[in-house]
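**Student:** What follows is a structure written as structure tokens; I'll ask about it next.
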């Protein structure tokens, strides 16, 4: 494992002109500079095809940070960050450019980190280009973004390509949800509190819901999204990663290997969904036109560059069963979609009702206790419980109440870090705990692929109006079990 925490790095960002770099990576680097987490001798090298010099690049970076930074821009911090910036014009299809890059990187003996903020069809040119000029030597690191393929077969192809040139200990597969404060807090919540630790099982929990809801549509990404769909784009990585952290057993230790081993056990325990179950346990939808925040929005097939006959899903919900001792009989309901009523992400743990409630004589249809973990917006933990109605009545009337722990209210918000800020910092430290290993990616595809193949044999796509909570068959999945989706509040 690479664990140096105090060495200078050369961070090479391939695709530095792109949306990911401008929206996420550059503002994250600014914040790391602000918190003094970057080694004084670390360099940031933007690599892309552009007729720019370093001064041009500095101006582009400043403009991007000012636009996408969610706090006040500080010229003193910018002065420090801008002194690290360099630009390298590169055509990744030509070896000569990698030889020139090698000269720049060998000016210093820094640990090199390559961030591939590029489409997957560019990955192999970068991997092989670095390998041919021996820029893949240990302990250099390489960060790759999703999507890692569109199937198990294509994912293996990408992993085989990168494995020709880099060791697994050098490869950092990023899933930004794993860098969220609330996801990390799940480990502390589950494994450091006895009242959660001892109740996290099928004796106490009725079911668990995981929702990632988006207000936006595909945002001019037709060519990318229509090939992927919401299942490949969100379920295969983000939601299954959340599910593994929610459901895994306690690791032997808090190391990358310890955590990954337990997550893998969950992925390998997911029950397959067969063709005869596909319309019972899954729902697919595609957004029609509607209104979001008072603004009319077009349907999916009316987006720029759209194929009017597309059957790609923009919404999916799935009932997941885990075949192990802890979770036998406890369903996990996953749902995610675009152009829904609100943007939010949360985990809802619904506990079983008491079989013999002392107060049931005076109360009918009491709600269950719930633990609600809000991932965004306003990360928080809420516990819903029953209490007595105040007053002099001889009857013990109960009402539902809520205790809330809001991270932004009880913690110093200066200590809060963005997901990309955290993941970039961890990559500089060489710690892989928050990154996804090859086995995790491929086990997720093994479970997802049969579902996608079954959909091709059934006509299960339903339209839903933009600004709603998705198609009706999504509600039917959970209502069939006598349950209902928790609503945003």
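Counting starts with 1 at the first residue shown.
Just so it is clear, glycine is given a Cβ too, placed from its N, Cα and C backbone atoms.
Automatic, uncurated: that is what TrEMBL annotation is.
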**Student:** Given that TrEMBL annotates 176, 180, 233, 338, 343 as substrate-binding, name the residue from 168, 214, 219 that shares the site.
**Tutor:** 214
**Student:** Filter the binding-site residues 180, 214, 233, 338 down to those whose C-alpha lies within 10 angstroms of the C-alpha of residue 146 (NADP(+) binding site); answer none if the list is empty.
**Tutor:** 233
**Student:** For residue 91 (NADP(+) binding site), just count the other CB atoms lying within 10 A of its CB, please.
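**Tutor:** There are 13 such Cβ atoms around residue 91 (NADP(+) binding site).
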**Student:** Let me know the most crowded of the binding-site residues, choosing from 146, 176, 180, 338, 343 and counting other Cβ atoms within 10 Å.
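**Tutor:** Top count of Cβ atoms within 10 Å goes to 338.
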**Student:** Taking Cα atoms as reference points, which of the recorded positions 49, 91, 238 is nearest to residue 180 (substrate binding site)?
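**Tutor:** That would be 238, the closest of 49, 91, 238 to residue 180 (substrate binding site).
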**Student:** So of all those recorded positions, 49, 91, 92, 238, which one's Cα sits nearest to residue 338 (substrate binding site)?
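**Tutor:** When the Cα distances are compared, 238 comes out closest.
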**Student:** Could you round the CA separation between residue 49 (NADP(+) binding site) and residue 238 (active site, proton acceptor) to a whole angstrom and send it over?
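**Tutor:** Each residue's Cα considered, residue 49 (NADP(+) binding site) and residue 238 (active site, proton acceptor) end up 31 Å apart.
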**Student:** Taking each of the binding-site residues 214, 233 in turn and counting other Cβ atoms within 10 Å of its Cβ, which one has the fewest?
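**Tutor:** So among 214, 233, the binding-site residues given, the one with the fewest Cβ atoms within 10 Å is 214.
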**Student:** When you look at 49, 91, 92, 146, which the record names as binding NADP(+), what is the longest CA to CA distance in angstrom?
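**Tutor:** Max span of the NADP(+) binding residues, Cα based, is 22 Å.
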